[in-house]
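Chemist: Let me give you the structure first, and then I'll get to my questions.
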Amino acid sequence: MAEQLTEEQIAEFKEAFSLFDKDGDGCITTKELGTVMRSLGQNPTEAELQDMISEADADQNGTIDFPEFLNLMARKMKDTDSEEELKEAFKVFDKDQNGFISAAELRHVMTNLGEKLTDEEVDEMIREADIDGDGQVNYEEFVRMMLAK
């Protein structure tokens, strides 16, 4: 299952996984799983999380290692209603709901995810996605950026 992921996706999942693997032991607790998935634009229900945890936590020790996590994410991505997921993810970033993601909004969300970015890094992320050059990211630009991964 995980072999269907691109190197870029695997690197992205590893980075997200590492953010929540506070002690660096290669495992995250099951209650952190929901937080990790939401940081990647997924929106699992409590019931879905319980099902995934049951599937992934083979030894029932309450933690999930990275290979288990990758398989889980590959499965979840395969049956994702991506249009709906993208809309939800966009709303998370677009704090004032004006239809645009500003540098300030991007910085706010990334900080909440534990990513301390410099102004230059935030500006670079906006520039990469900002096709029309207006200094912010609209929904179409966001979708194009997300699907390009």
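For all residues, glycine too, the Cβ spot is worked out from N, Cα and C.
For reference, Swiss-Prot lists these features for the protein:
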- D21, D23, D25, C27, E32: Ca(2+) 1 binding site (BINDING)
- 8-43: domain 'EF-hand 1' (DOMAIN)
- 117-149: domain 'EF-hand 4' (DOMAIN)
- A2: N-acetylalanine (MOD_RES)
- K116: N6,N6,N6-trimethyllysine (MOD_RES)
Chemist: Find, among the recorded positions listed as D21, D23, D25, E32, K116, the one whose Cβ has the highest number of other Cβ atoms within 10 Å in the structure shown.
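Modeler: Comparing the recorded positions D21, D23, D25, E32, K116, the most crowded Cβ belongs to D21.
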Chemist: Could you list the residues of the same chain, at least six apart in sequence, whose Cβ is under 8 A from the Cβ of C27 (Ca(2+) 1 binding site)?
Modeler: D21, T63, I64, D65
Chemist: Could you give me three numbers for the domain 'EF-hand 4' (117-149), the DSSP helix, strand and coil residue counts?
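Modeler: The counts are 21 helix, 2 strand, 10 coil.
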Chemist: Give the distance between the Cα atoms of D23 (Ca(2+) 1 binding site) and the residue listed as 'N6,N6,N6-trimethyllysine', rounded to the nearest whole Å.
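Modeler: With distance taken Cα to Cα, the residue listed as 'N6,N6,N6-trimethyllysine' is 18 Å from D23 (Ca(2+) 1 binding site).
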Chemist: Counting each residue once, how many in the domain 'EF-hand 1' (8-43) are helix, strand and coil under DSSP?
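Modeler: Split into helix, strand and coil, the domain 'EF-hand 1' (8-43) gives 23 helix, 3 strand, 10 coil.
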Chemist: Between D25 (Ca(2+) 1 binding site) and the residue listed as 'N6,N6,N6-trimethyllysine', find the distance joining the two CA atoms and give it rounded to the nearest Å.
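Modeler: Cα-Cα distance, D25 (Ca(2+) 1 binding site) to the residue listed as 'N6,N6,N6-trimethyllysine': 22 Å.
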